[in-house]
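S.K.: Pasting the relevant annotations from TrEMBL:
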type: DOMAIN; residues: B:695-755; note: domain 'CBS'
type: TRANSMEM; residues: B:70-98; note: transmembrane segment
type: TRANSMEM; residues: B:119-148; note: transmembrane segment
type: TRANSMEM; residues: B:168-191; note: transmembrane segment
type: TRANSMEM; residues: B:265-285; note: transmembrane segment
type: TRANSMEM; residues: B:323-341; note: transmembrane segment
type: TRANSMEM; residues: B:362-383; note: transmembrane segment
type: TRANSMEM; residues: B:448-477; note: transmembrane segment
type: TRANSMEM; residues: B:498-524; note: transmembrane segment
type: TRANSMEM; residues: B:530-550; note: transmembrane segment
There are 2 protein chains.
Amino acid sequence: MPLALRKDTLNGDPESLHQPLLSSQRSIVNSTSQVAIVGSNVSPIESLDYEIIENEFFKQDWRSRGASQIFQYIFMKWLLCFLIGFIVSLIAFCNNLAVENLAGIKFVITSNMMLERRFLLAFAVFFASNLGLTIFSAVITALIAPAATGSGIPEVKAYLNGVDAPGIFTVRTLFVKIIGSITAVSSSLLIGKAGPMVHTGACVASLLGQGGSKRYGLTWKWLRFFKNDRDRRDLVMCGSAAGIAAAFRAPVGGVLFALEEMTSWWRSALLWRAFFTTAIVAIVLRAMIDVCLSGKCGLFGKGGLIMFDVYSASISYHLAEVPLVFILGVIGGILGSLYNFMLSKVLRVYNFINEKGTICKIVLACVISIFTSFLLFGLPWFASCQPCPLDAAEPCPTIGRSGNFKKFQCPPDHYNDLASLIFNTNDDAIRNLFSRDTNEEFQYSSMFIFFITCFFLSIFSYGVVAPAGLFVPVIVTGASYGRFVGMLVGKRTNLHHGLYAVLGAASFLGGSMRTTVSLCVIMLELTNNLLLLPLIMMVLLVSKTVADAFNANIYDLIMKAKGFPYLETHAEPYMRQLTVGDVVTGPLQMFNGIEKVRNIMFILKTTRHNGFPVIDEPPLSEAPVLSGLILRDHLVTLLKNKVFFPTPRAIGDDVFKKFTSDDFAKKGSNKGEKIEDIQLTEEEMEMFIDLHPFTNTSPYTVVETMSLGKALTLFREVGLRHLLVIPKITGRSPVVGILTRHDFMPEHILGVHPLLIFLCGQGLHIHEYTVPSFMKVLMGRITFGTYENLAMLYPQVTCPSIIDPHMYSG
Amino acid sequence: MPLALRKDTLNGDPESLHQPLLSSQRSIVNSTSQVAIVGSNVSPIESLDYEIIENEFFKQDWRSRGASQIFQYIFMKWLLCFLIGFIVSLIAFCNNLAVENLAGIKFVITSNMMLERRFLLAFAVFFASNLGLTIFSAVITALIAPAATGSGIPEVKAYLNGVDAPGIFTVRTLFVKIIGSITAVSSSLLIGKAGPMVHTGACVASLLGQGGSKRYGLTWKWLRFFKNDRDRRDLVMCGSAAGIAAAFRAPVGGVLFALEEMTSWWRSALLWRAFFTTAIVAIVLRAMIDVCLSGKCGLFGKGGLIMFDVYSASISYHLAEVPLVFILGVIGGILGSLYNFMLSKVLRVYNFINEKGTICKIVLACVISIFTSFLLFGLPWFASCQPCPLDAAEPCPTIGRSGNFKKFQCPPDHYNDLASLIFNTNDDAIRNLFSRDTNEEFQYSSMFIFFITCFFLSIFSYGVVAPAGLFVPVIVTGASYGRFVGMLVGKRTNLHHGLYAVLGAASFLGGSMRTTVSLCVIMLELTNNLLLLPLIMMVLLVSKTVADAFNANIYDLIMKAKGFPYLETHAEPYMRQLTVGDVVTGPLQMFNGIEKVRNIMFILKTTRHNGFPVIDEPPLSEAPVLSGLILRDHLVTLLKNKVFFPTPRAIGDDVFKKFTSDDFAKKGSNKGEKIEDIQLTEEEMEMFIDLHPFTNTSPYTVVETMSLGKALTLFREVGLRHLLVIPKITGRSPVVGILTRHDFMPEHILGVHPLLIFLCGQGLHIHEYTVPSFMKVLMGRITFGTYENLAMLYPQVTCPSIIDPHMYSG
């Protein structure tokens, strides 16, 4: 029995199949980008299995399914979308209700004290409640679920691209995200609740897709129907659409945001399901608001949720306004990219602080809260009091509720315009800014101070250890910028200042977030005015174009700062100059079709690979041929079930009796069995397993001379986790390597080919954040010098003089 | 010189490389689906080359480009989008202006004659003008550009999927589409102008992308920048978005329609460019309307374009209305699928008639026009006259222009409600139906007659040989259905009848077109009322769900009836039970890396293949290896330029001097050089060409045992034209076949494996239109009988009991 004999000498045999096939200089393990900052902690990350594993077992399982099971499967997909929409809209409603009441009570109490001119006490109450709420939010976030920090949009976006960060979709994260967001927003920090809503929606979707959480006993068997990452990904996409839809009451905008910004793969069928989910959100929210209109929701007023209804029946604007709006867009784009730049710099500093430990995180949050309290309470004192307008639509000054005219320290029949903006909830500030017929309400100085305050405060607030979104800060900053421009233009325009605020918000959103269609629809749904459409479209296009000249969108910057190995759609031009064989790293581990248990145990324990090629060798076949690819999870399941044979033989049809499809279902993140938990006797270790029925017999393959750019296109478009590299020349082993997403990362490619950076010079498009880690690799490896030397060593590499990533990919 | 020697014996040598490698039983040429009905004629079709051909020449060409060229490339992309938006909006405006004036004058003249009670003369004028306009439209369509027939959306959709139908994007087609659409719509046929606008937009985009039309001398060198199908595809997508945007003045809806219904591949960057295009459309249209508001546009009134502004400041609806709207959606879905079913049946009959010749086509159009004239003029006589309402907002009866109250044959102070709908332009009819505060205006019987008339008339009108859209007929039919339901419900609802008409139109659109998000946005932009959003969403979802249970959407039905080889995104389940080797057909034609001119000429002349694998054999390499894939176009260019060598040798760097990238640019549809045009001397025929610099060295490959479903996923997602099949066992030829889109068509697969239909029985999802052609194949091949026999012959094929195409692909 040559197979068994050969196997016994495996571990020490340098000529064995299991030795690296690639040249020794590249037998390094590709460990770049295997960790990332998830929330506020550094965690190891995995890829998701979106590819359908077409093994015999899978095919037989599907063939055996009856009509009722298939109907159940389809029905469950729609039911889950319904549940996601329903639950997310309930959460969003409760979230808004809680924030409006918490923050509302705080402002009412302090305002009342101010009326009694007990300023110090008012400040003390304001200060203490803000600090208390911030500490509460920071403590639960830091101690219970650090993954809930920030907006969560980068994490969800990375998940939808195929990066599985641990802990982002757990019950703890969901709980902290909801409670932490309520308290953090109520504490007057300049942060939003839209981003956390997206994460909440994705979290709800993921938990439902996994059938609940085992850890807390919250599982329902009837829900556990989606056994692969593919179905769960679709649900998470619907969940993120529901999040935006619920946050802004923008159902169409939600679908488009998920489509334009969040998802990496997209199908018409999915669009439809996302649309269904957000329709449910719209209907449920409407029903809830009907309930609240009767006044049972405390300080949750008529406005309800974020909805800045600036409707006006007859907006007329002419071509003369177009240049002005154009300039507004240009400046908005510059400001937006500056915002992105500064925010990412501040985040890097914060990451250093956060790495020092939990105490540092919480102290940082406290410092920001204290600073915010001083600013919000202190700045209005510098504004001069304004006499109340005689024809004001509402009582002036507003007392006992939030409104346009805050009295603050002013004498009777006067109001403090800066306090009306700054000493208020963000939603009310935006409503004030967007309001019409208020052209005379604000002073230049107040508006300018408010703009500068928002700009910097939101940059410093985002990175604290609490759930924090960016949408609302960006809108409020942009609206104040737009209104300030409107005031400067003054009477030379037909548009009222509220419309300038709307356009300013659009320009700042366009400059920071860089989505176009979805932001346009969200702005329309927010302001409920379709006549603005051409102006908003123009502003968004201009600001995005301008901002794109400087840096990437804010979520991509954050994602890169956090180190997620996000796969871009387009191949960088230098990838077209490299072949697949140039980047693949070893050592490659393979199995025989009928393999010894000891070998499997050894390799699983000594490597962290997730997929292994399966090779059939003589006498099983004429020559060594590739049988397919087997996953680590499946191997662990096989070892756990101990279907071993004392001699190498095929398992036959028994396999369908010994396993159910549940055994091979993909577990939720980090919930799979560990190889370390499996204990085998010495006798079992000497037995054999037939891997064939569990081997994916249709893995995608590329020839080693394939250009790396084209391999990336295949990898990305089809949504793979493993891509097998096969030799060009026959007669060698049937597989020479495996590509994973890490192999396409610039850090890795430049690590393997450090000289690319010299050859490609300035033109090379290296992301800001990849340079430091790359430089390390570079420094450790280069021992010789000149450009000519390097060019001789890498003659096949020639870079285009200037590189535009859109050129090849369109 | 063994290579040359071997070559000389090629043509008669049965063992040669150029003989089919597959078993003889499958050495049939796959000729299914190589022709399709384009417009109204049967034409041969080709695939488009979306894949980037990465050969040495291409790489070197890119490397040599300077910064200015790259900037020019990017600038041109945006400039072309601007031009597309600008030109398409001008065309749309002129189109509307012409239709409003032509049809308006016709109705004003006939109405005036009716006022003078000269009924017979009025009918004669109406009849003659309709017939004249129809004949004009039919004659120019049939004689000048048959490809302009119909809406053109199926053709554009197929183009965006990679199917190149000849003549759809020529100057003639564009001209006929515009003029024919104006005259056909003015002739009171119940057809729309939105579909033709999409085709017009795509046509403008394609012509601009090709740099004009050589045939008419309309070429601009500076425009000829896009030398591949990929860039042109993107432009055509933008053009179709601009078409919808211009037709409905719905810029966001246009982008979404192109995204949801038209395009097969999609990127964020493209979304952005499409959005830019439609923003231009919105701004230009607005400027034009500003011009017309001063009254310089004749009968082109204030409404202008299609824009059914049913704004009402306070629409309130409650949960009680939801069940009613739900039922409206269900019935709308059933009606919509019935409409699709009947329309596709009528189209098949019409295709038989149209095949008989040009005269038959024109006669058919005349018959429909005559029938329409009689119906439109005759039916209102059956309606009873209504007294004018006392508080009507406009004069009653309306005289001298189109309006709500048509006098027709009625006595003074009375109006004919059916005539107000039916004896009117479609746009005005829709405006009447959508209008509010007109609950008492129409009678039950009139509304019902109008609904039935529209339903059937639009089905019979679409297939005539003239540019004809489906959007407006579907909207008018749906609106009359919705208004009829609203009238039946009567006072039991808070919604006014105009809103029911809007919801009815949405339900019928959803039931027929089956898009959701884009229709929702288009309806919102048409009616200019965001408050309707939740109701429209619900209606669309319900009607689409109901209708999907019966058949496919109207464009897909038409596309299949026309025979376009459209590649679906999802793999049919039976494809997972077959391997790539099961469907690949021969004979496979290959070339050596350095090939004799005679062989190339022979193979190019005797086959119609578009791509050929290039093989390097000893002594060029150790063993036969796959060098890559070369395209027919490139070979023809090489032959034309006669860069031959008397002995087999490599071409070296000379190649970059002898050719420019323009030589290898993809020509427009059917404009490439033909092999028949090339004349070579006998001496030249004996010389050699080095194919290496022109060979795409990174073709995508699959192993022959790959499942067909996974190969389809790769083929479709990456957007390929050729997919090479490589052998599993080493030692055979390095390539065993080529897959093209035709090999994935159900007709072909079932032709190669006819027994699949028995094994898979009823569950197999075969499209209605594929069955007949498949049955032919079946009948000619099966000579033996029982199910058991077949199962023994095809043991590897087992079908799931019921097949849901969404199950695997999600």
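Placed from the backbone N, Cα and C atoms, the Cβ positions cover glycine too.
Note that the coordinates shown come from a computational prediction; the quantities given were computed from them, not determined experimentally.
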S.K.: Would the transmembrane segment (B:448-477) and the transmembrane segment (B:168-191) count as touching if the test is at least 3 Cβ pairs under 8 Å, pairs 6 or more apart?
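M.R.: In contact, yes.
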S.K.: Take a look at B:70-98, B:119-148, B:265-285, B:323-341, B:498-524 and tell me which one has the most Cβ pairs under 8 Å to the transmembrane segment (B:530-550).
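M.R.: It is B:498-524, which has the most Cβ pairs under 8 Å.
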S.K.: Would the transmembrane segment (B:119-148) count as touching the transmembrane segment (B:168-191), if touching means at least three Cβ pairs under 8 Å and pairs must be 6 or more apart in sequence?
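M.R.: Between the transmembrane segment (B:168-191) and the transmembrane segment (B:119-148), which are separate recorded stretches, there is contact, as judged by 3 or more close Cβ pairs.
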S.K.: Count the Cβ pairs between the transmembrane segment (B:362-383) and the transmembrane segment (B:168-191) that lie under 8 angstroms and are 6 or more residues apart in sequence, then report whether there are at least 3.
M.R.: yes
S.K.: Could you please provide the mean pLDDT value for the domain 'CBS' (B:695-755)?
M.R.: 86
S.K.: Sort the residues of the domain 'CBS' (B:695-755) into helix, strand and coil with DSSP and give the three counts.
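M.R.: The composition, in the requested order, is 22 helix, 12 strand, 27 coil.
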